[in-house]
Each structure stands twice: as structure tokens, then as C-alpha cells.
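Visitor: Would you mind keeping the following structure in view while I ask a few things?
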Amino acid sequence: MTSRLLETGSTPFIRNTAAQQLADVQKQHPDELFNLLGRILPYLRSKSWDTRAAAAKAIGLIVANADTFDPNQDDGQEIKKAENDDLDVDIKSEEELLSPMDDSLLQLERLDLPSILKYGKRLLGSAGKEYEYSLAAMDPASRLQHQKKTLTSRLGLAGEYIEEDLINDNDLVSKPVVKEEPSFVASREHSIQGTSQPLASPIEPANGEESGLSKRQLNQLKRKNKQSARMGANKVRVVDLSSRRASENVTTPSVATPYPIKSENGEERNGDSKPDYFSLDRSAGDDESKIVSEFKGASVPENPLLQPESTEEGPNPNWPFELMCDILMVDLFDPNWEIRHGAAMALREVIRIQGAGAGRVQGKSRAENDILNRKWLDDLACRLLCVLMLDRFGDYISDNVVAPIRETVGQTLGALLSQLPSRSVISVYKCLYRIIMQTDLGLERPIWEVCHGGMIGLRYLVAVRKDLLIKDSKLMDGVLEAVMKGLGDYDDDVRAVSAATLVPIAEEFVKTRQSTLGTLMTIVWDCLSNLQDDLSASTGSVMDLLAKLCTFQEVLDAMKANAAVNPESSFGKLVPRLYPFLRHTITSVRSAVLRALMTFLQLEGEGTDEWVDGKTVRLIFQNLLVERNEGVLKQSLQVWSELLNSLETRGSFKSESDLLSHIKPLITLSMGPFGVPRYPVPMDASLFIKPSGLPFPSSAAAPARSSPASNTPEGTKGRRRKSEKKEAPPPSAHNVDGHMLQGDIDLVGADTMLRSKIYAARALGQLLFVWDQNQLPSLWQSILEGLNHSASTSQLASAMIVEEYAKLSGPSGRYASTLCENLRPIIEGERPPWYSDIACYLHVARAQCHSLLNTFRDHAHVPGSRLPVLAVIVQGDPEAGPNAFSLSDAEKVIGPDFERLKKGLTPAQRITALQVLNDTRATAESAVNEARNAREQRDLRVRAAAAGALVALSDIPKKPSHIIKGMMDSIKKEENAELQQRSATAITSLVEYYTTSAKRGPVDKVIGNLVKYCCVDTSETPEFHHNAMLEKSILSLRKEEDRRDHPDAAKFEREAKEARIMRRGAKEALEQLAVKFGSELMAKVPNLASLIERPLKEALAADELPANIRDPENELGQEVVDGLSTLRAILPKFHSGLYPWVVDLLPLVVKALQCNLSVIRYAAAKCFATICSVITVEGMTMLVEKVLPMINDALDVHHRQGAVECIYHLIHVMEDGILPYVIFLVVPVLGRMSDSDNEVRLLATTSFATLVKLVPLEAGIPDPPGLSEELLKGRDRERQFMAQMLDVRKVEEFKIPVAIKAELRPYQQEGVNWLAFLNRYNLHGILCDDMGLGKTLQTICIVASDHHMRAEEFARTQKPEVRKLPSLIVCPPSLSGHWQQELKQYAPFLNCVAYVGPPAERSRLQSALPNADIVVTSYDICRNDNEVLNPINWNYCVLDEGHLIKNPKAKATIAVKRLLSNHRLILSGTPIQNNVLELWSLFDFLMPGFLGTEKVFLDRFAKPIAASRFSKSSSKEQEAGALAIEALHKQVLPFLLRRLKEEVLNDLPPKIIQNYYCDPSELQRKLFEDFTKKEQKALQDKVGSTEKADKEHIFQALQYMRRLCNSPALVVKEGHKQYNEVQQYLAAKHSNIRDVAHAPKLSALRDLLIDCGIGVDSPSEGDLSGASYVSPHRALIFCQMKEMLDIVQSEVFNKLLPSVQFLRLDGSVEATRRQDIVNRFNTDPSYDVLLLTTSVGGLGLNLTGADTVIFVEHDWNPQKDIQAMDRAHRIGQKKVVNVYRLITRGTLEEKILNLQRFKIDVASTVVNQQNAGLGTMDTDQLLDLFNLGETAETAEKPSDAAGNEVDMVDIDGNVKEKGKKGWLDDLGELWDDRQYQEEYNLDSFLATMKG
């Protein structure tokens, strides 16, 4: 499964975790290396980027966990590191060491670049031919051989490459089978020169005959083969390729391929690792294979192809990864870009980690191996260079073109260069230099992709081998020359890479090449000025290079030198070249410009700031007004601040002349209003300037909202080129800002508009402060006018500007008094009647009122004279006068006027018009309310901003109520979070102002209100009085239920939203106070401390709560809850100096947890959890010492509830932080999972389910600091317990204290140890050992032991809790005798009562029940006698075959769950039979609530698992299913113990399962066809129905088909529609309906029995008389129906095999007699056969007397068949057990067997052998969770996908025509360019190289 998650994982986290898990498997099982790599390799070829990346990561991690290969390790020399080698190597000695075979490797010195470019096959996105399909159809070894054979040609090294047709005519002619000559497979040595060798010599037709096929037929066959090859191409094949060493000569067999690949049904053809009992697939013909199960003995697995094969001398001497790299190196040249990409990533990982061992061989000297290593790496370098030259694939998805292949190959080359000696690095560099320069490659014209590839290679060379660059001056010069050429290239993508190449070595280059700096800087600046295109890819890279270079003084000196020679090169001329990019359409470019400008502003030196002027100021400010990206906005403000500093330093503020003309428009723009949705107010575009300084044309302000196509000029669809040097028109610099300029709130959003106003206000505040400090003439006039502007947004902006200015200047500013005078009226006076920017709301209200009056006129026929007249102009309009339409007019119309007019209506008018009038009035009322709300919101904003400004100016009157109200209203109601934060800051400043003044003023009241607002949201802070009566419930559970539908959902949602806003504002203010005052918070604001502390001390000082706490007028209870809630809200922001104060409160919080009121416990639990997450050491210590002991308080349920609720919240609040403490919590929570209180139990099981999943992670976590020695000791004890719980093998040995009359096998002793462990910790579990392993015996041992120990304890202490209690065993009726017999045999000292039989018999036994040791009864009796069994307290309650309570609604299940017992145990060989919901029912008996409620379980587990089974399930659904099954498995793991027979019984002979097919008889076929014709239509109509009758009809039809498979006699009876027709048919044949000729299964059964020697005539001669002849085999024959048993008995035994002696066991046999029949069959060998029904004979019985099992019929439920066959295959069986399944070919029976397979897979994944311990998951099991009918390995469909197209829908929603392609079908996936940013980030790549 884990490797499936590489593909299906929906998030990088899941995929990376899967990769990590696979690496862990390798760490723990080093021998799995090649198997793992082989399984991951196919995912490198996936179409999905993420899958390939995850697979490469997995390979990297696995390879890192493998040992480094160094054959000369013992020589005592280290492998020389590439950096340490010397440049001059002794070449002669090397030549001597070369072996002849090295000629086959490519050599850097001899690489023919011109030939490669001239003749090499270009690598595009995909091949575009059937070539790749044909390759996919080959088996892997042949494919590798073919590709290596053609590689030299494809590289262009053997002249022009001509594509050969893989499917040639000879392939289509059948060839005589002759032994082929050996051919080389996968041999690297022959990869270059192998072109002349054919794969296998074509065989001439015998006697020179023609092939017998015409040309037309040949062409037809060829097309057909290509089609099937194409369909095979999508398969992901697990490269579990059989072990064939590459360099060995291997004979390719001519018939069967020995390479097991994934077959269509997802099963591997060489067998599966886990026993799959029912693997049938009709399409593959009959499954004649035998499945040998539980075969013990050393199996010899085939090695994977990736594993080098051993030689006669021993293990293979070569580098272990050589074969894999061979495959990957061939894939580097695959026509499909995805395959090239995956191969390059994998090679990068392998070479990075294991490259030093490549090419080395055991038995050679260190020197020889070093040369072999270099040769091998050189060869790979040559291949990578070839890819860089030939690759032409580019992706135009993001800002830049990304060439994923060239980038990844560049990284691979980087990884390789770190391993290469200097000499080879120089050779690589020389090749790259030639590729970039393209001067000597014989090209007619430069190829930009080739140059781009070379540049990428150079970039990684420079980054990885900086050491060589510093040493070798020629290398540095060459790199510089190449980069300069690249920067001047006509292609902007080449420029981008060139710029990025220089960034890592900028420092070295600047220090060593000062002479070339001037030239370089000229090129870089020219590069920027040439970027006319708005979408130029290289802009950001060039900008970053520029910013980096300009941080060096040497560069600045060079620029100054340039400027001295050429005035055009001065800073003043150069920097303005960046301005056009400030409003570039690409965010990253805008950000890069600001970074560059920031760098220039921070430069020191003469002339560096001459570009800083009024134009710059204006352009940066324009950024603030129109930028929508918050990150760029912040950068712009930083640049603005730096700009003002720079201007001040230069003295630009000494006179106003330069800047004033630029500043005034900015003030006007900042004050400009903006509108509301649908009614925008545009900015004044004429006040903007272009980068050139010219005014901005107003016509271009907004982009028209047209379709994108209309804006796209012709001819832009191809590659962006700069070759045609036409004069491009200058781009529209503000195109990106059109919507902001238009004020288009619908598209931009009001919050974005407000944010830009806030940033503009902050910038202007800074400017005004500097302006006023320089004593310049006042600019305040226009700003103060804004305070009286008709638009609210202008007033808001003006007030914010004043506030920002005041924050810097304080109360002592020059204009402070003037500002205060202008602000006070806003706070104290009336607001204007309306605002112009929301006049639209009033227009809508007027229109609705007008409509209402018209309704009176038109519908109620009220004369116009009686209707009021509405003014046309509304308040807020420019020409509005005193009589304009106002809000009060609107309220009058919908209020008094409406009532007056309604009163005047006649009854008749009322009847006709009232409904319409009421509806129209409601609409009008809604419009009026909306207008009122808009107006109130604007008033609130302006007042809050003015109040904030007054606080900043410290103009606080003696009665500050107006100011406080302005800010507090904003805290309460402001929807915009940023404005609310500003008000919170102002409140904080106000509180600070009062804390420093003599009088505290209103601080306490303000703090009190903030605390109150913080607690207003009932979802966070519950109401005390509303919940005061709850004592014995846990409020956390109630609050989950409260989230139901409310009667008035809209009103509830509105109120909840208001409460959330209020809490957000108050919390923000309190947090800011905590941050501002730090450790002095409680001293400065003692009221806050008192509001938290006082109620807790008052309420909890005594042992009991105050008696009057529940009185409605008593507020103490609410104050306690509020105090705890407030502490929880602001604690994360507390200064650490306040922690001791909080720790002092902890005992009170613990006391609150013990309180008898649910609501206080709830608040305390949440508060305690937060304290633990912030002050972890003290909090957790208190938890362990004080809270956890409460959880076991048997006497006080409130203590237990408080503790468990606290733990529940702790888990949710601390998340990962709880890991070091998990171990402390598990055992206490575990103990409460069987609590008598339902709510404690529910919360404990929910918490435990979360904790148990964290336990495996806990061990690796270091000890948290500050834990006391005592706690650490305690943790070790708990760890021991957890280890025992998770691994049965670690459980302490349990000495059985009673004399059990049996010798326990080791695994049975382990089982008893586990049961004793559960007993000791009061846990409950399921013993689900395989059938026949002795579950009964293990149970008897623990029950008898526990009874004995309780009796001893009682004798010693007389404690009532250990008094004698009976134990109850509930089992199916046929097993009651079996239990009595086993108890008598193994524990005769126990007094056993069998509570079975008829009611009279049972009533006689009732009095004996309480005194018995063991009571055995059946499920039916449990249901019927519930009132007898319920009152008894049982010690153990054991459910044998416990899966019988799988249906939670069945009466027997409900009855069993009512029984009270100390210990609950389920025995079941098959706990999951059909679906996982059954497991929920079992756990609902064991530990109710552990798996959540049934609904929760369904949603979380059952539905995703079921959904993942369907063939059309998406990869998302498959992942959800895989994750759900994994989570469920981990959660139930500690409570199930399962061992399989093949694991523990070495002495058990194998079980062989065979399918025995028989063809339907003529009569059966006829009846099938008639039934199908007549019933099919009716059945199709009913399949989707939910009607009970329809379901029954379908069920009956299925039953009919099943019966017909067995014998026509079961269906053709009187009343059957074709009864007479069939009778005539039989009469004509002289036959009868029961004749075995018509039921082939019966004749097959007879043949089978005779083959087994059953029913054959006894030998006529010899010592034995016929009577005493015993058959060599004895059989169990299972049928589903009793009727079928009758037919077998009468037609086969009585007529055909009369000598067979048989017994019969079915439902007609009384339960009490069944065990006798079993005993007779086991002990008397003269009985040949036992006939059974699966339902009666399939459970629990021991029938080891038989060694043959025959299924005449099959159950839908696979576990019933498995149970049945294991009646014979169990302990005591000495012979091989043969299981035969009789199947009627081509019928419903095959469908049943296919369905069985899925059910078995689910069951074996949730409950598997791991439940014997949490070991490492079996890799095969991790890999395939669901082996369904299709290839589960891939999200793509298998090769016969065309057959699954029924009902598929195409992209337009129409039903797909079969075989027809959709227009999107061939499109690869689209992805997010973040994948590129993450994958191709140079810094992260270098980090991995170091790591």
C-alpha cells in the first residue's frame, strides 16, 4: 500500500511519508533493497509529476539506507573525494590500466558534439508514433536490450538516425519454434556497439514457402498489433523482473516469458505473497492452477532483475546499482518526457549518494577501481550532455518557460560533478562552453534550446564546483564569457538562466575579475532596457542578479567609472530603467524590482542616490495605492520609508519646490473615495504618472471586461522570441492595476481596497512627519478638508492619516491642536445625514418604497392622491437638498404610511391584495435595513478612526466616553479585521496613557468590557445559567450535539457571526495589552488579574461550591467560566515572567475540574489544556500528579468526567506537542474505557483511539526538559505496558495456576499470556486466530485461571469485588456439545451447566446458573431468555464465533450487548466477513464508543473503504480507502490477536485448493438463456431501486441462478413457466429431471469421489473382505441447501455409489446430537463421507478425520467457505488436505468467487498477522491493498479498458461512444508552477548535496 501512496497520495506530506516508510523498510530489512527498488521504479514513469517526485525521493532514501559500495575498503584507503584530487593525473599509467571493454563507454574527450546535434533524434514531449507502444508491449529485458541497441543511432553517433519499424512483416508470420541463439540482454558493455546485432535472427519459412498472408492481411495484422501494443503502453509494470545479470549471456526462451509482470487482475503471475483463496478470472480462462496454502519449507524466491546475479565464485562483484542505472540511462532518451524526467530524478538521487562506488569491481586494486569509477561517471556525463543538447521539451506554464528535463538533468549533472575528478569536470565544462557558444558546431543558425540546456548545465557546474572556479582562472574566464554571451542572447529564457548562473559565484567573481565588472554591468543594464515585453521571463532573474552585484563596493566603483566615461551609465540614468517593472504583470518581478531598489537605497557613496527624486516618490506611492498582493505591499512600504530617509539625508526636504508637485496628487489620491459592490467609484487616473514621468492617459485606466481571447493578438501562441527587432509599442504599465483604478470592488474585494488605504495612510503619515519636521509649509489643508468630505471612505482615510502622523509626532507636533479641533466634532457631534459613496443603498431603498406604493395603486386600487409622494433625489447625491429622500422617509413608508393605507382598505381589497402588499413590504424593509446597516457601519468606521487619532495625539478629555465608545464599537462590530486591529491598538494606547497618568480613569471598565466581549461567543465560552443544571454529563459531548439545525438558521448564523467578530476584536485588544506590558501586565492592569483570579478563589475556596451559585441573579458562576475562558484566550501571548502567576492558579483549575457542575468542568478542561500547551513542564507535571489520579476515583463520577474531559481537550490542543507525554495518558484512559458512566466511556474511547495511533511515534521523541526523576520512572513502567499491548511476544509469561489437562503449544501459551494481559488491565479483545489453532483451549485456560485467582483472593480478603461469579460462554447451537466436551476434557474441576434445550428444560436449570462456574448457552437462548441472564453479573462473557453479532440491529446482538460482565472476549477466526461495519458491531460489544458511533464509523471508515473497491473509483477515493483501512488497522491492532496456521504450525500438512470446472448441460444452458431473455429487462430496471419488493425480486433471481447451477431439479417444479416444455424435452430424451446427466456437478462429484478411492468397488481378492475395506481418503461434502444434500444423497450415493458409507449433519439434526455425529465420524474410519450444510457444519467443529473437502456450492461470504474447509485443516490433521470447488463454467458462481476475493482482501488488511505484533508491514501487503479485477498498480485503466466504457461520460456530460476518444483524453495533467519552484530551487538542491 505504501508504494501505492507514492501515486495516490493527495498531499506531498502523504507521498513523502510513504517514501520515508519504504526507506524504513529497507533499513530494517537490507535484503529487501532490490525488491523495493524494483517496485518503485514503475512510478518513475507515471504521468503525474508528484508521483515521479515521490518515487525519486523514495529511491534516494532507500539508497541512502543501503551500504556504500567500496570493494577496496579493506585496503585501509578511503575513496578519494572529488575535491581533493589533483588536476594533473598520470595519464600514461591510467592508459596501462585500461581494459579493452572500456572502449564501449562514451568518453568526454571524444564526444562528437556536431554529429549529435546534426543527426541525433530530438527529444520532444512524446514520440508521436506507435514506437513507444510497441516498446511497452515488450517484456522489460527485451525492451532494455532493444533500446540500448539503438541508442548510438538515436544519439546521432552512427550517422543519421532512421526510425526502424519494430513491428515488421516477419513478426506477423508464425514461426516454427526453434531454439534461439543466445542474445545479450541489458548489457551495458554492448549498449554502444550493439547496433549491428539483430535481436534474434529471423527464421526463414520452411521449404522457402511464402508466409501464406497477403500484403493486405499483413497490413491489417500490423494495425491490430499496434492497437494492442498501444493499449499495453499504459500499464505500470512492477519491475519485479526476474534475476538475470546484465553481463551474463542469457537464452531468451521462445515460448513463455520468465518475467512476471503485473497481470490484468492485479495479481503477480508468479504467485502472491499472501494466500488468496479465491483468485479466479474468467477472461484468463479456467483457473486450473492449484493454490497450495500453508506449505512449510524453504521457498526459493526469484531475485529481482535489479539484483546482480551471483557468480560461481560468490556474490556478484559489480556495483549493486549498476543494473538499475542501466535501465535509467536508457530511459533518459525515451521519447516521452515524463519517463526522461523520472529517470533523471532517480539517477540524481543514486549518484548523489552512491556515485563514488559506480563502476567499481571486487578484486581490482584501488587505482584500477578509481579509473573504472571515473570512466563510468564520464560515460554518464556524456549521456547527460547529450540530453541537454537534444531535449526540446519546454513547459510554458509559469512566468518563465520551464524545461523540466533540462533542469533535472542539470541537477543530475550537478550531483555527478561533485563525484568527478577535476580533469573530467574541465572536460564537461569545455563541452558546455561549446554548446553555449555554438560557434564550432556547424549550425546554420543558433538553436536557443541547445544554448539554454548548456547554460543550465553550466549553472549547476558553477554552483557545485565553486572550488575549481577559484583555482582555475581559465575556467572562471570561460564561465564569464559564456554568461555574458547568454545575457546578451536574443532569447529571454537563456538570459534568465545566465543571470541565475552568476548569482552563486558573484562574490568570487567580483573579487577576482574587477577588470571585467564594467563590461558586465553595461550588459546587465542593457539587458533590462531591452525587456520590452511585459511577460519577459528573465526580468526577475536579471533584477536579482543586479541587486546582488550592487551590494559589492567593487561593482559600484566600476559603475562610477563607467559613469565618468559615459554619463548615460550613471545611477541617475540607470536606476530609472527599473521603474517600468514596478507595475509588471508578474508578482515575482514586482517583488524583485523593490528588492533591487531597496539595495540601491541602502548603498553609501557619492552619486549612488542621484536617482532619488519626486518621480521615484510618486511611483512608489502609486504602488501602495494599486498593489493587491500583501507581500509586495509590505515591501513597497519598506522601500517608501527608506526613500524618505534617503531624501532627508540628501536634504531634499530643505525646500518644497522639487517634491510638492508630486506630493499633492498623492494626497488627493489617498483621500479619494471608493464605492461598494456593483457601484464602483474609480480613482482619478489623470493623477497617476507613467515610469517615464508623463501623465497617465485616463483612457487606459481600466481593462475592458472582455473575453481573454479578444485581447490576445494573433501569433502569440508560439514561443516568445526576440529575434524580430520590430519597434514594440510601450506596454501599458498599469494594465495589471486596471480593476484597482476602476475601484471594482466586486473583483478586487473591499478588504483589499481598505488595505491599500491603510498602507497609503501609513506612508503619508511618515511623509507628513518628515515634512513638518523640516518646517515646510503645511500640507494639512486638503487632508483636513477630507474629514468633512461627502464620502465616508475619504473621511476614514483622512482620520487614518492623522493617526499615523500622530503616532510619530505625538502630542507635541506643530499642528496637534489644529488636528484635534478638526477631529473632536466627528466624535462628539452628529454625523452627516448620509454619505455619497453609499448613496446607492438609499436609491435601492427608495425604489423598493416606490414599488410598494405602486402595489397599493395597482393591486389594492388606492387612488394616487392618497399615496405619499417620494422625492426623486436622495441624500448623498451631489445635488441633494434638505428635502431629499432620506432613511427616515423610507422608514415612514414601510411603517406608519403602510399601516394607514392598509387600514383604509375594504375587506375585498384586503383579500385580493394583502399577500402581494406584505411581500413587497418585506422586500422594501430588507432594502431599508441594508441601507441602515451600511450607514451605521460607515459611521462606526469614521468615529473609530477619529478616536484612534485623538488617542495618538493624547487629546483625551476628562470625560472620555465618546472616544472610548468610538473604539469599543469598532472592537464589537467591525467586520474588517485590519480596522479592528487598529482600534485594538488604539485601546491599548489609551490604557497605557491612563496607567502612566495620576488617575486610572476608565481603565477598569474598559478591561471589564473587553473580558465580557471576549466571552460572548457561546461556542467558545458556554453560558453558565443555561447549563447550570447539568451535573452528570460532559459538556464537550453536548456541545457537539448543539450544532444541529436551529429553527431560524439565518438568524442563528447572523448572531453567531456577530459574536465571533466581537470575540475576535476583544481578544486582539487583550493580546496587544499582554504584548505591550509584558511581565508587568498584571501590575499595570490589576483588574484583568482580578477578573480571572477572584471568581475562581471565591467559588472554589471551600470544598463545595457556594449554595446560591445557581440563583439566576448570582453572576459568580458565569464569572468563573469567563475567567477561565479569558485566561485560555490570552495565555499564548503572555510574557514568560507571568508564568509563575498562572502556575499559582493551576491548583484552582484542577479543583474546577473536580467540580460537580458540568459547565465549570468544561471551561476548566479547555483552560488546563491551553496552560499545558504553553507552560508545558509545570502543566504536565500537575496533570500527571493531580489530574490523572482523579480518573480512577471510583466514588465520584465528577472527578472521572473532569479528568477524562481534560485529557480529551489536551489531545486536541497540543496536537504533536503531546507526543512525549502520550505514554502517561494511555493507561489511565484505557482504564476508563469500561467505565460504568456512558459519557466517560465514550470520551475515553475517543481519546484512546487518538492516543494509540501516536504510541509508535513516541519512542523516538527525546525526553522533554524539566520532567522529574519520578515521572521518568513512571513513564518507563507505562512504556513496558504499551510494548506488551502492541506486541504479544513481549507480554509477560503467565503461569497457569490450575491443572489444565493439555500440553500447550508455544503459540497457545503466547495466546494465554495475551489473554492474561487483557485480564490484568481490564481490557477486552478478540482472539481471532486462524481456524483450528485451539481458541477454545486458550479460553478455557484463562477463564479457569481467573476463577481460581479470584477464589484465592476472596478467601484472603473477603472483598465483594472478587466474590465468586459464573462465566458465560455463548456459542452457536451446534457447538454447545463441543464446549461441554472440551471443558470436561481439559478442566474437569469446573462446574459446567449447559443452558440449552427446550424452554421447560431451561427453566429447570435456571436456579443452578448463579452457582455454576461456567454456563454454556446459544445466541438464540440469549435473545429469548434475556430477562434470566441479564440480572446475573458474569465474570467472563465469551462469544464463540462472535462474528454472529455482526449485525448491530439483530435482536441476538442487542441481547448479548445487555449482559454485564467483568471481562468480555470474542472468539472468531473471521471477525470481518463481508464489510468493516461488522467490526464496529464487535467492538460495540467489547468497548462501546471505541470506534465512535455507527454513523461516525460509517463516514470515517466503511464508506471510503467500500468506495475504493469500485473499478471506477478515482485515485482520491483509492487513497481515502487505503488511509482509512490503515487507520482502522492501527486503531484495533492492540485488541486483536491473530496468528495464521502457516506461521505457527510447522507440522501441519499443506492445504491444496483446486477449482473443478464443469460445463453446463444442454438443459441448464437452455434454462439459463430463457431466464436471461425474459428477466433481464425487468432486473435492469430494479437494480438501482430501493424498494423492498424489487430487492427481493433481484435476490430471488440470484437464488434461481444459483440453484440452476446445481441441478435443474431444484428449479423446474410444477408451477415453473417452462415446466411442460421441459417435461416434453425430457420425454424425448427418455430421461428425468433428477438425472445426473442434466446436473454436471453431480457427475463431477461422483468422478471426484472415485478418484479419491471413495465408492470404488472393494478388492475382490486378498486378505480384506469387502466389508472391512477402508477408503484411502475421507471427504466432507458441503452444500448450501438441505435440498441439494437430499439430491446428492439420493442421486449420487444411493444410485451411483451405493457402497459409500456416509453420515449427515444439517439443520434437521438436533443441536444436542450434533457433537455425537462429529465424534462418530472422527473415530470410525468406515464412514467415507460426511454430508454437511455450510451453515451448520461450517463453524467450530473439529473434523480432522477427513482429508478431502468438496464444495458443491459456494457462499457469498468467503469466510464461511474458509471456516468450512478448515474443519479438516486444523491441529490433529496428519494428511495433506485437498479442497475441491465445483464450479459451473461461465455462470453466476464465478461472480461469487470474484466478490469473495475483495471481501477477503479487506478482512486480511484490517485484521492480519500484524495483530500478533506491530512489526514492520509486509511490503507486498503495503503495496496492494485491493487486488481487484483491474491493475491496482495504476490510476490509468488496464489494456482492456475499452471494455469498461459502458456508461462513461465525456467532458461535455454526454454518454461516451464506445471506443471514441474524448478531446481531453490525450492531455497530460496540468499543474501548479509551485512544483517547479520547489523542485528547481538551487539553494535546496545544494542543501541536499551537502546533506
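Keep in mind that glycine also has a Cβ here, set from the backbone N, Cα and C atoms.
Remember, it's a predicted structure, so these values are computed and weren't measured experimentally.
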Visitor: Can you identify, from 295-316, 1263-1284, 1857-1878, the stretch that Swiss-Prot calls region 'Disordered'?
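Guide: From Swiss-Prot, the annotated region 'Disordered' range turns out to be 295-316.
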Visitor: When you get a sec, could you say which of 1440-1443, 1468-1471, 1512-1515 is annotated motif 'DEAH box' by Swiss-Prot?
Guide: 1440-1443
Visitor: Report the residues of the chain - excluding D1329, D1330, M1331, G1332, L1333, G1334, K1335, T1336 - with C-beta within 8 Å of the mean position of the site's C-beta atoms, for the recorded ATP site, in sequence order.
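Guide: Counting only non-site residues, the set is G1469, R1770, I1771.
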Visitor: Within 10 Å of the Cβ of D1329 (ATP binding site), how many other Cβ atoms can you find? Include all protein chains, please.
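Guide: A 10 Å sphere around the Cβ of D1329 (ATP binding site) contains 25 other Cβ atoms.
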Visitor: Pick the one among the binding-site residues M1331, L1333 whose Cβ has the fewest other Cβ atoms within 10 Å in this structure.
Guide: M1331
Visitor: Just jot down the residues in the same chain as T1336 (ATP binding site), at least 6 apart in sequence, with C-beta under 8 A of its C-beta; none if empty.
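Guide: Correct list: H1378, W1379, E1382, D1440, L1467, G1740.
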Visitor: By Cβ distance under 8 Å, which residues at least 6 away from the ends of the repeat 'HEAT 7' (1219-1257) in the same chain are close to it?
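Guide: Sequence-remote neighbours of the repeat 'HEAT 7' (1219-1257) are 1032-1034, 1036-1037, 1180, 1183-1184, 1188, 1191-1192, 1197, 1200-1201, 1203-1205, 1207-1208, 1210-1211, 1263-1264, 1271, 1274-1275, 1278-1279, 1281-1282, 1286, 1321-1324, 1487-1492, 1527, 1530-1531, 1533-1534, 1814.
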Visitor: Please work out the number of neighbouring Cβ atoms within 10 Å of the Cβ of K1335 (ATP binding site), leaving out its own Cβ.
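Guide: There are 25 of them.
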Visitor: Among all the protein chains here, how many other CB atoms are within 10 A of the CB of G1334 (ATP binding site)?
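Guide: Its Cβ shell of radius 10 Å holds 21 other Cβ atoms.
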Visitor: Note down the number of other Cβ atoms within 10 Å of the Cβ of D1330 (ATP binding site), including every protein chain shown.
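Guide: Cβ-Cβ neighbours of D1330 (ATP binding site) within 10 Å number 22.
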